[in-house]
Amino acid sequence: MEHAYSWLLLLFSVLALCLGNQGVRCELTYDYYEESCPHLYTIVQQHVFAAMRAEMRMGASLLRLHFHDCFVNGCDGSILLDGSDGEKFAQPNLNSVRGYEVIDAIKADLESVCPEVVSCADVVALAASYGVLFSGGPYWDVLMGRKDGLVANQSGADNGLPAPFEPIDSIIQKFNAVGLNTTDVVVLSGAHTIGRARCALFSNRLSNFSTTDSVDPTLDASLADSLQSLCAGGDGNQTTNLDVSSADVFDNNYYQNLMFGKGLLSSDQGLFSSPEGIANTKDLVETYIDNNGDQFFYDFVWSMNKMGSIPLTGSDGEIRKNCRVVN
């Protein structure tokens with residue numbers, strides 16, 4: 001009963017936020033496709049389930065695809081556009097963001113049953129939610145009604161996406177720039193409870209870290225040893241689990257890992273161990289360690305709806321027939 005009350009409270013909180021015009025884009029609704037494409041949820045659910053059955057990591061990849069879309073030009077599907085000047089080839093996305101083929105397959109099925117109705121941006125948002133759900137995370141009703149952007153923004157992706165090497169203060173500033181706050185930084189970083197990362201994103205912690213330390217002193221020594229073995233002599237594309245405790249399960253172990261120096265990326269461990277993190281985010285990390293993950297799940301849903309409502313910028317948009325090209 002208490003759990004049901006919490007989710008009901010969250011629903012009313014989102015509605016109040018929308019009515020108060022404080023961050024959630026109010027033209028988005030939960031029942032946007034109820035009449036125009038009632039098969040939407042079944043189609044997306046089936047494709048995401050099949051993709052994750054073939055490769056469990058795909059749930060994390062779809063979640064990251066949504067994140068990297070929303071931070072550039074708003075949640076407009078611009079990351080899906082092909083072209084050498086597209087966001088796909090921005091440094092934070094190249095050889096990193098995945099799941100495009102899953103979105104293509106979903107969109108193809110949708111075009112056969114409700115043509116030119118569902119935006120690619122909405123497909124990405126809904127697929128991300130099922131990626132979380134099928135990884136053991138919370139279910140939430142996804143706000144819908146986005147339009148697809150007409151242009152990609154490679155420089156925006158290069159400069160606007162938070163990087164794993166950045167100090168926590170800089171990451172907070174980038175979140176603030178799109179209407180998200182410090183709590184959202186900590187909550188959405190918890191998405192790293194699933195997925196993998198390439199050596200190129202954390203090898204800076206393994207050698208020549210500073211003038212006084214070869215290895216990042218906030219990194220657990222045994223984890224550092226195993227990561228050095230993994231990455232030695234490679235091209236930087238070897239991967240390892242972001243969450244060393246439960247790689248494919250969406251839970252709050254990510255935050256528990258930070259207590260013991262087992263955050264993989266410096267942007268993860270920095271939430272707990274860096275001077276900026278101690279000042280701004282450590283208390284929040286400790287909050288999500290407790291309560292069996294309930295508070296994390298509740299706040300994650302809230303932050304995902306906020307992030308998913310970052311508005312499209314620069315044009316009114318369209319409903320793309322093919323997610324890779326404008327109509």
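Cβ coordinates come from backbone N, Cα and C, glycine included.
Residues or ranges marked as active site, proton acceptor in TrEMBL: H68. What TrEMBL records for D69, V72, G74, D76, S78, E87 is Ca(2+) 1 binding site. The substrate binding site annotation in TrEMBL covers P162. If you look up TrEMBL, you'll see H192 marked as heme b binding site. According to TrEMBL, the Ca(2+) 2 binding site annotation covers T193, D243, D251. What TrEMBL lists as disulfide bond is C37-C114, C70-C75, C120-C323, C199-C231. Annotated site 'Transition state stabilizer' per TrEMBL: R64, in sequence order.
Projection of TrEMBL feature records onto the structure.
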{"residue": "C37", "record": "disulfide bond", "Cβ within 10 Å": "18"}
{"residue": "D69", "record": "Ca(2+) 1 binding site", "Cβ within 10 Å": "30"}
{"residue": "C70", "record": "disulfide bond", "Cβ within 10 Å": "28"}
{"residue": "G74", "record": "Ca(2+) 1 binding site", "Cβ within 10 Å": "24"}
{"residue": "C75", "record": "disulfide bond", "Cβ within 10 Å": "31"}
{"residue": "C114", "record": "disulfide bond", "Cβ within 10 Å": "16"}
{"residue": "P162", "record": "substrate binding site", "Cβ within 10 Å": "21"}
{"residue": "T193", "record": "Ca(2+) 2 binding site", "Cβ within 10 Å": "30"}
{"residue": "C199", "record": "disulfide bond", "Cβ within 10 Å": "19"}
{"residue": "D251", "record": "Ca(2+) 2 binding site", "Cβ within 10 Å": "20"}
Subject >> Those residues of the chain, 6+ apart, with a Cβ under 8 Å from that of C120 (disulfide bond) >> reply: G77, L80, I103, K107, D148, R320, C323
**OP:** Among all chains shown, work out which of the binding-site residues D76, E87, D243 has the most CB atoms within 10 A of its CB.
**Re:** D76
Subject >> Among C37, H68, P162, D251, which are recorded as recorded positions, the nearest neighbour of S78 (Ca(2+) 1 binding site) by Cα >> reply: H68
Original post:
Relative to the mean position of the Cβ atoms of T193, D243, D251, the recorded Ca(2+) 2 site, which additional same-chain residues have Cβ within 8 Å?
Top reply: G190, H192, I194, S245, S246, A247, V249, F250, N252, N253, Y254
Original post:
Over all shown protein chains, what is the count of other CB atoms within 10 A of the CB belonging to V72 (Ca(2+) 1 binding site)?
Top reply: 28
Original post:
Hey, how far is V72 (Ca(2+) 1 binding site) from P162 (substrate binding site), Cα to Cα, in Å?
Top reply: 11
Original post:
Does H68 (active site, proton acceptor) have same-chain partners at least 6 apart in sequence with Cβ under 8 Å from its own Cβ, and which are they?
Top reply: I79, E87, P92, N93, V97, A157, L161
Original post:
Relative to the Cα of D69 (Ca(2+) 1 binding site), which of the recorded positions C75, P162, T193, D243 have a Cα no more than 10 Å away?
Top reply: C75
**OP:** Could you state the whole-number distance in Å separating the C-alpha atoms of C70 (disulfide bond) and D243 (Ca(2+) 2 binding site)?
**Re:** 24
Subject >> Ca(2+) 1 site shell beyond D69, V72, G74, D76, S78, E87, criterion: Cβ within 8 Å of Cβ centroid >> reply: H68, C70, F71, N73, C75, G77, I79, A121, G149, A152, N153, G156, A157, L312
Original post:
Given D251 (Ca(2+) 2 binding site) and the residue listed as 'heme b binding site', what distance in Å do their CA atoms have, once rounded to a whole number?
Top reply: 10
Original post:
Among all the protein chains here, how many other CB atoms are within 10 A of the CB of C231 (disulfide bond)?
Top reply: 20
